[in-house]
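Quick look at what TrEMBL annotates:
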type: DOMAIN; residues: A:20-442; note: domain 'DUF112'
type: TRANSMEM; residues: A:20-39; note: transmembrane segment
type: TRANSMEM; residues: A:46-71; note: transmembrane segment
type: TRANSMEM; residues: A:77-97; note: transmembrane segment
type: TRANSMEM; residues: A:109-132; note: transmembrane segment
type: TRANSMEM; residues: A:147-166; note: transmembrane segment
type: TRANSMEM; residues: A:173-191; note: transmembrane segment
type: TRANSMEM; residues: A:203-223; note: transmembrane segment
type: TRANSMEM; residues: A:318-340; note: transmembrane segment
type: TRANSMEM; residues: A:360-381; note: transmembrane segment
type: TRANSMEM; residues: A:393-411; note: transmembrane segment
type: TRANSMEM; residues: A:471-490; note: transmembrane segment
Amino acid sequence: MESLNLLAGGLADALTPMNLLWVFIGAFLGTAVGVLPGLGSSMAVALLLPVTFTLDPTAAFIMFAGVYFGGLFGDSTMAILVNTPGGSTAIASTFEGHRMTLTGRGPQALATAAIGAFVGGLLASVIVVLFAPKLADLAVNFGPPEYLALSVLAFVATATVVSTSLAKGLASLVFGLTFAVIGIDGISGAQRFTFGAPQLFDGISIIVITVGVLALGEVFHVASRVRRTRPGRLHKITGRPYLSRAEVREAAPAWGRGALIGAPFGVIPVGGAEIPTFLAYGGERALDRRRKHPQFGKGAIRGLAAPEAAGNATAGTAIGALLAMGLPTSATAAIMLAAFRQYGLQPGPLLFTRSADLVWTLIASLFIGLVVLLVLNLPFAPLWAKLTKIPRHYLYAGIAVFCGLGVYATSAAVTDLILVLGIGFLGFLLRRYDFPLAPIMIGVVLGPLAETSLRNALLSSGGDYGVLVDSGISVTIYAALVLVLVFVAYRGLRARAARDV
Amino acid sequence: MSQATVAPAPSHWGTGRSGLVLAGLILAFAIYLTVGIITMTVPDGAEPPGPKFFPIILAVACYALAVMLTVHYVRRPEAPADTDGVETIEEPEGVRHKSFTDWRTLGLTMAGFLAFALLLDPIGWILAAALMFWVIAWAMGSGSPLKDVAVALVLSCAVQVAFSAGLGLHLPAGILDGVL
């Protein structure tokens with residue numbers, strides 16, 4: 001009940017005209033980048049990060065939350081209408097969603113996706129209200145060994161689960177960790193890997209890395225292919241997106257199941273909502289096969305409803321995990337964590353006591369953001385699809401300009417622009433060779449936490465490594481890590497067996 | 001660089017193995033870390049585990065991953081994957097390119113950004129950003145260079161106004177100093 005009172009207070013704070021404006025801008029931008037293939041909420045947050053430093057933190061974070069949810073609302077639009085997912089989280093929505101369009105039910109597909117995303121986000125936000133404070137209470141007991149265990153879990157899970165190959169995922173992670181050790185060491189004051197260059201004393205700015213990997217890298221990636229590919233054809237649809245009562249009844253259980261599948265993945269660091277969306281899709285397909293008249297393959301509304309709900313449920317609880325434990329479970333959440341630090345705030349249990357106003361305003365704005373997004377997406381999805389008419393050469397030239405703006409605005413240093421160019425090229429190489437990008441962001445953001453936790457733990461124990469597995473919490477986290485590795489090994493063996501046949 | 005996906009591409013040992021460049025890159029990171037660790041001056045009184053502890057773990061991981069990636073690409077060459085959801089409709093059959101990557105467009109795009117970085121202070125935001133926009137749009141195949149000039153200038157001016165006046169961010173005026 002205490003949570004509800006705090007939430008009511010947060011709602012009152014969030015409903016100021018200025019904050020509503022930020023929610024709206026965030027939702028608008030998020031939907032836009034979600035709709036455009038190749039752009040996602042992580043890139044939008046990376047590009048917004050530098051320009052939001054002039055805002056107060058509350059405004060910045062409610063905007064980021066709108067972008068995060070909005071990206072997941074928007075990405076299904078192109079999946080449904082063009083058969084090109086707006087992002088990896090919409091791949092699972094493409095299968096049945098596009099079939100619905102082909103059978104003339106495009107408007108219904110758009111409505112199913114928008115409502116599904118809303119339901120998933122809503123359920124997750126309720127979970128955050130009820131459980132985030134409890135999670136924060138638990139996290140109060142975390143010391144350096146527990147934070148180390150949490151970071152290691154995040155590193156290994158993101159690097160192994162999403163990646164097609166273990167070596168690629170770990171390589172991406174190590175690139176991130178290496179960027180993070182450059183600069184003056186916070187504990188001893190030693191200069192590390194600067195080779196005397198004063199520009200590197202403060203380390204490589206997180207903005208240079210995020211903008212380089214996520215935004216400029218994407219521009220270069222598109223440049224490397226733009227003259228050899230053509231955008232997919234947009235299916236014209238007529239009629240307003242709406243659902244009949246029968247369709248709602250058909251989709252409702254799938255929305256619910258999808259949201260329930262997606263919610264736990266916000267706390268499990270597997271690099272975002274891709275896995276839960278596929279699990280939700282697979283689950284619905286398995287259930288469908290047992291029905292009298294299987295719908296999958298003919299444009300099953302449930303095959304679209306479940307992954308959409310799952311994706312936003314994951315995003316919602318990911319914000320909860322970020323606030324309560326300081327644990328980022330996706331690239332977007334990792335950048336938001338970096339943003340908190342830039343404001344001198346440390347997400348985690350203390351945030352709930354020290355900055356309770358900010359936390360509850362942010363959580364309340366999740367609900368407002370979802371309503372705004374539903375209003376923006378349900379009636380206007382066909383309009384959003386027109387965004388793809390922007391010629392790609394203008395779109396990506398514009399993104400390059402904003403990359404330059406963001407980096408220069410934070411440091412006013414030409415060296416940072418040269419650095420971002422180099423890191424952008426690395427981002428291109430990683431995309432070209434199909435390396436996952438989430439591990440590099442998690443590595444950059446959590447690397448310093450892992451290192452200081454490890455060193456502080458060993459300092460206080462006098463070099464006794466036993467301290468790392470001394471508490472029940474850290475043992476539990478390492479057990480979870482073992483489970484993740486067993487799952488990855490099992491999946492790898494099964495894939496290998498399938499290939500031999 | 002690997003061959004384009006259009007079959008049948010003449011294959012040689014390097015086909016599908018260009019990913020070795022990333023094994024090389026991570027080896028370069030490993031060497032950078034190693035040199036940095038050896039030359040690092042640790043302040044007196046730094047208690048163990050000191051500032052070298054974590055980088056040593058990273059350097060070892062880098063060497064190991066360089067080997068793992070090399071083995072990966074030598075044993076199993078892979079075709080370029082275009083699985084990231086970007087539009088994948090290829091050009092008509094029969095068109096064959098020497099490499100999967102369009103190095104000319106990529107090179108021009110990167111050169112555009114480099115020019116922006118180097119010219120920003122001397123000639124100012126409006127001209128440098130507009131130049132970058134124009135170069136990238138042209139490199140990516142825009143067919144109307146004159147219209148692009150207008151679009152580029154409108155965008156860079158709009159950003160200058162919105163961010164200098166609106167958010168109070170400093171952007172260099174360059175040679176237009178005084179005009180603005």
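Including glycine, each Cβ sits where the backbone N, Cα and C put it.
A mean pLDDT of 90 is what the model gives for the domain 'DUF112' (A:20-442). Between the transmembrane segment (A:318-340) and the listed ranges A:46-71, A:77-97, A:360-381, A:393-411, A:471-490, the one holding the most Cβ pairs under 8 Å is A:46-71. Tertiary proximity for the transmembrane segment (A:46-71) is limited to same-chain residues at least six positions away from its ends with a CB under 8 Å from its CB atoms, namely 13-14, 18-19, 22-34, 40, 86-87, 117, 121, 207, 210-211, 214-215, 312, 315-316, 319, 332-333, 335-336, 338-340, 342-343, 345, 357-358, 361-362, 365-366, 369-370, 372-373, 376, 399, 402-403, 405-407, 409-410.
For the transmembrane segment (A:360-381), same-chain residues at least 6 beyond its ends with a Cβ under 8 Å from one of its own Cβ atoms are 6-7, 9-11, 13-15, 19-20, 23-24, 26-28, 30-31, 58, 61-62, 65-66, 69-70, 73-74, 77, 110-111, 113-115, 117-118, 121-122, 125, 128-129, 132, 240-241, 316, 319, 323.
Across the candidate stretches A:20-39, A:77-97, A:109-132, A:147-166, A:471-490, the maximum count of CB pairs under 8 A to the transmembrane segment (A:173-191) is reached by A:147-166. With a cut-off of 8 Å between Cβ atoms, the residues of this chain six or more beyond the transmembrane segment (A:471-490) that come close are 138, 141-143, 145-146, 148-150, 152-153, 156-157, 160-161, 166, 270. Non-local neighbours of the transmembrane segment (A:109-132) in the same chain are 3-4, 7, 69, 72-73, 76-77, 80-81, 93, 97, 100-101, 237, 241-243, 247, 251, 254-256, 258-260, 262-263, 266, 299, 301, 304-317, 319-320, 323-324, 352, 363, 366-367, 370, 373-374, 377-378, 381-382; each lies 6+ residues outside the stretch with a CB under 8 Å from one of its CB atoms.
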